[in-house]
Structures are given as structure tokens and as C-alpha cells.
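Since the structure comes first, as C-alpha cells, the remarks are kept for the end.
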Amino acid sequence: MIIDLNTNNVLGKKFSTSTKKENIKQIESSSFLTFKQPTEWQERWYLSSNAKDIGTLYLMFALFSGLLGTAFSVLIRLELSGPGVQYIADNQLYNSIITAHAIMMIFFMVMPALIGGFGNFLLPLLVGGPDMAFPRLNNISFWLLVPSLLLFVFSATIENGAGTGWTLYPPLSGIQSHSGPSVDLAIFGLHLSGISSMLGAMNFITTILNMRSPGIRLHKLALFGWAVIITAVLLLLSLPVLAGGITMVLTDRNFNTSFFEVAGGGDPILFQHLFWFFGHPEVYILIIPGFGIISTVIAAGSGKNVFGYLGMVYAMMSIGVLGFLVWSHHMYTVGLDVDTRAYFTAATLIIAVPTGIKIFSWLATCYGGSLHLTPPMLFALGFVVLFTIGGLSGVVLANASLDVAFHDTYYVVAHFHYVLSMGAVFALFSGWYLWIPKLLGLSYDQFAAKVHFWILFIGVNLTFFPQHFLGLQLMPRRISDYPDAFYGWNLLSSIGSIISVVATWYFLTIIYKQLTEGKAVSRYPWLTPQLFSDTFQVLFTRNNSSLEWCLTSPPKPHAFASLPLQS
């Protein structure tokens with residue numbers, strides 16, 4: 001259909017109106033065309049180009065995906081609560097549940113929440129810009145995640161599911177081992193998720209480099225802003241490698257290529273190199289935004305500026321660079337040359353240096369400060385303790401000779417859940433409890449939030465600490481049965497999982513009460529007593545010059561009518 005609004009000519013039918021709006025109304029009412037304008041609600045939430053609304057959508061999506069991923073994890077722990085078959089007789093189904101749990105939590109819970117949710121909501125505020133650099137690109141970045149999630153759900157529920165683990169290693173992901181369409185759907189879902197992340201990363205980088213207000217130099221940017229830009233660079237550099245690897249798996253499965261088929265001259269180890277060249281930066285993509293949040297929260301909760309701001313920035317940069325140089329520590333058992341293993345051991349141990357700088361800087365920020373144990377501060381301190389434990393088990397696994405024994409045991413599961421399930425997730429909750437009054441303009445029950453922290457803290461520790469002992473006894477991961485000797489620690493671990501689910505349910509009740517009974521909050525709800533909460537001097541000295549606290553709660557759709565200036 002051709003509509004020429006200049007000549008008022010629609011498919012040969014002439015109208016006598018002069019203005020564009022009247023023209024469109026007549027076109028809508030003409031018998032051969034039905035076009036319904038979106039309602040205000042649809043336009044705000046489906047067609048949004050506002051960073052705050054898109055950030056809210058990301059957080060809602062992450063909450064839904066997190067509940068799905070938690071449900072899968074409980075199924076795993078219920079099956080492992082005793083030796084023999086408990087609930088899941090089919091090992092392929094068990095492996096499909098493990099794959100679904102990992103992918104839901106990594107790609108659809110942590111990344112959308114930490115990068116998409118907090119990144120979109122806060123970044124324009126932190127740089128003093130009106131919005132993101134590419135608002136409509138921002139919208140498609142979010143809406144690509146919805147079909148991506150649907151593809152993963154379909155892949156888990158049709159035929160035998162994708163029982164490959166999140167790593168998708170061939171030949172297990174090849175056409176002979178997984179003959180149905182499940183793995184293909186999972187690969188398409190990963191492609192969509194990757195495109196979404198790359199578009200978002202380009203948007204974040206452009207926003208930070210081009211939309212800062214005068215006076216907000218890069219060396220004055222809040223640490224969360226630095227965390228987002230470093231994460232975005234990691235995404236841009238690593239995701240294309242994953243896309244290439246899984247596309248080769250796709251063509252091996254469907255077009256008879258032999259990239260990873262030994263019979264045709266391919267090499268499955270090549271896929272492991274490609275996957276982990278993405279996979280190791282990916283774990284830093286998950287945790288670096290958490291570093292930014294924890295720095296902000298500890299500064300606010302201590303009443304001090306962050307100790308060693310520049311050191312924190314360059315530590316994050318170092319972690320990002322080194323993250324690309326250590327991928328083969330996931331592959332010590334594939335037959336690497338001894339010199340290669342020596343290099344990857346040394347490089348992996350070096351990553352502990354910038355990580356240690358960050359941990360000691362957080363402790364130094366707390367030292368001598370007036371600590372306020374608000375819910376976000378509790379989660380931040382919990383993060384520091386648990387992330388340190390996870391880092392120490394990582395130092396053990398970095399050694400090639402030890403990892404040959406620990407590879408694919410529950411020691412590895414315990415290690416990465418301490419840095420993710422208690423690192424990234426505790427950072428997420430810390431950021432949620434710090435900024436959700438700003439986002440919604442409503443207060444929540446602080447006592448209930450502290451109870452949530454303690455239930456979750458006990459639950460996750462009871463779940464994952466015993467897994468270190470199972471790993472030391474060499475219990476293999478991704479296997480649904482085990483000898484009776486492992487029964488005790490597995491039962492404890494499963495009880496901890498149920499406690500974590502109770503904590504998650506309790507968290508949902510806190511959100512419900514906040515939305516139904518929450519009172520309106522001031523610009524800076526964390527200042528006690530709230531006598532001078534609108535005074536700029538107080539806001540800046542109390543919270544490390546973060547601009548978002550100068551705005552109303554919730555901020556207006558376009559926060560800055562004129563550019564803020566920072567001297």
C-alpha cells in the first residue's frame with residue numbers, strides 16, 4: 001500500500017484535508033484499511049524508548065527467569081537428596097534440567113538484571129545524560145530476549161531436550177547424540193541472546209563515551225559506570241567467538257560439515273577453545289557489574305568515598321584483559337602440552353592480584369567508617385566474605401596438577417557457585433535493595449529485607465559448602481546417581497536448597513508489600529535522620545557523588561531538563 005501524505009493520495013483515493021493528523025485519521029477510517037493506534041500503556045511498555053522503563057522491563061524479565069532457573073535447580077537437588085532414583089529416572093532429562101538451569105541463570109537472570117536492568121536505569125543518570133545514545137536500539141535489545149527465552153524453553157520441552165550442559169560440547173551436541181531439534185533451538189536462542197547483548201553493549205559504550213555532561217570526566221565517573229563500560233567491551237570481544245563456535249556446531253549437525261567431526265578431519269577440542277575463549281570472559285561479564293554495585297553500596301553504607309578509586313578502576317580493567325588470556329584452565333584434562341598448562345596456571349593465579357586489590361579496597365573503605373547495616377550493606381558484606389571463599393577455591397583449581405583430579409567434580413561446582421550464586425546474586429540483591437526505592441519511589445520493610453538476607457545466607461552456604469567435601473572425595477558433577485558414601489553431604493546440600501527457595505519466596509512477599517503498602521521516599525532514602533535529605537552537600541559527601549540521588553524518587557522520564565555540571 002502506498003500512502004502519499006503530501007498529495008493526500010491513498011491508492012488513488014483523494015482527501016481534501018490539509019494537515020497530516022487529519023490525513024491519518026481519514027486513512028484509518030477508510031473502509032479498506034484498519035489501523036489501531038496503541039494505547040498509552042502499550043506505547044509505554046511495548047514501544048518504549050525510555051531507558052528507565054526498559055531497565056524496569058529487564059528487571060521484571062530477570063525476576064521471572066530467575067524463578068524458572070531456581071525451579072530447575074530445586075529439581076536437581078531433590079534428585080540428589082538421596083542415592084538411587086528419587087524423582088527423575090531418565091538421565092537425559094536430568095541433564096536437560098542442568099542445561100536449562102545454567103542457561104536461565106546466566107543469560108536470562110544475571111546478565112539482564114545487572115547489565116540490562118541496573119545499567120539502563122542508572123547509566124544515563126550517572127553520566128548526566130537525558131537517555132541512552134540509541135533509545136530504540138535499547139528497546140530491541142530487550143525484546144530479542146523474550147523470543148530467545150522461548151526458544152530455550154521449547155528446546156528443553158520438545159523431544160528429549162538438550163542434555164549437553166551449558167557448554168554444548170561436541171560430540172555430545174552432535175547429530176548422532178542429540179538427533180532432535182532441541183540443540184538447534186538452544187543454539188538459535190543463544191544467537192538471539194548474543195545479538196541482544198552486543199547491541200546493548202554498543203549502546204552502553206557510545207552513551208558513556210559521548211553523552212557525559214561537562215565536568216564528568218572518565219576519571220570522575222562512578223565505579224558502576226566503569227563496571228558497565230568494561231563489561232560492554234568484554235561482551236563485544238567475546239560473543240562473536242561463541243557465535244562462530246555454535247554456528248559451526250549447527251552446520252555440523254544440519255549441513256554435513258566436519259568442523260568438530262573426527263571422522264571428517266575435524267577436532268572437538270577446537271570447539272572447547274572457541275567456547276572457553278568466550279566462556280571465561282563471560283564469568284567476568286557476570287561479576288564485574290557486581291563489583292561496581294558493591295563499591296557503590298559499601299561507600300554509601302560506610303559514609304566514606306571508596307578507598308583507592310583509581311586502583312579500583314584499573315583493577316577492573318586488569319581483570320577484563322587477563323580474562324581473555326586464561327581460557328584453557330577449563331581444559332587441563334584434554335591433553336595440553338605441559339608448558340601450555342604451566343602458562344595457564346601462572347596467568348590464572350595472576351588474576352588473583354587485581355581481585356585481591358578490590359577486596360582489600362572494600363575492607364579499607366569500611367575501616368574507620370560509620371557502618372550502617374542496612375539491607376544493601378548486609379548483602380554487600382556477605383558478598384565480600386563469600387566471594388573471597390570462592391576466590392580461594394579458585395586458586396586451588398588454577399593449579400593444573402590439582403585440577404586434573406578436581407576437574408568435573410563437585411569441587412568445581414562449589415567454586416563457581418560461591419562466586420556466582422553468592423557473588424553475582426548477592427550483588428544483585430544489594431543493588432536491588434539500594435536502588436529499588438529510587439526506582440519505584442516507595443519504601444520497603446527493612447526488617448523483612450534483613451531477614452531475607454539471613455535466610456538466603458544460611459541457605460546458600462548450607463547448599464554449597466558441603467559440595468567442597470564431595471569434590472574432595474571426587475564425586476562427579478552432572479551425574480544423577482552416586483554411591484551411598486556421599487549421602488550425608490548431599491542431603492545437607494539439598495536441605496540448603498529448600499531454605500534458599502524459602503528465601504526467594506520471602507523476597508517476593510517483600511516486593512508485594514512494597515508495591516501495596518510502601519510509603520513515598522525522599523531523594524536520598526538512606527540518610528538518617530532525613531532532615532536535610534535534599535541538601536546537595538549531604539548527598540555528595542554521603543554517596544560518592546552519584547548523580548542519581550539528586551533526582552526525585554522515582555526520577556522523571558527525562559531526568560535532566562538541562563545538563564548537570566560537575567566542577
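Using the three backbone atoms N, Cα and C, a Cβ is placed for every residue, glycine included.
Values in this document were obtained by computation on a predicted structure and should not be read as measured data.
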Check your understanding: According to Swiss-Prot, His329, His330 bind Cu cation; which one of His280, His415 is listed for that same site?
Key -> His280
Review point. What does DSSP say about His415 (heme a3 binding site): helix, strand or coil?
Key: helix
Check your understanding: Closest of the binding-site residues to His415 (heme a3 binding site), Cα to Cα, picking from Glu79, His101, His280, Tyr284, Asp408?
Key -> Asp408
Check your understanding: Per the definition of 3+ C-beta pairs under 8 A with sequence separation of 6 or more, do the transmembrane segment (185-205) and the transmembrane segment (103-123) touch?
Key -> yes
Exercise for review: Just name the winner among His280, His330 (the binding-site residues) by count of other CB atoms within 10 A of its CB.
Suggested key: His280
Revision key, fill the gap. For the transmembrane segment (491-511), out of 56-76, 274-294, 344-364, 377-397, most C-beta pairs under 8 A are with 56-76
Review point. Which one of these stretches, 56-76, 274-294, 377-397, 416-436, has the most C-beta pairs shorter than 8 Å to the transmembrane segment (306-326)?
Key: 274-294
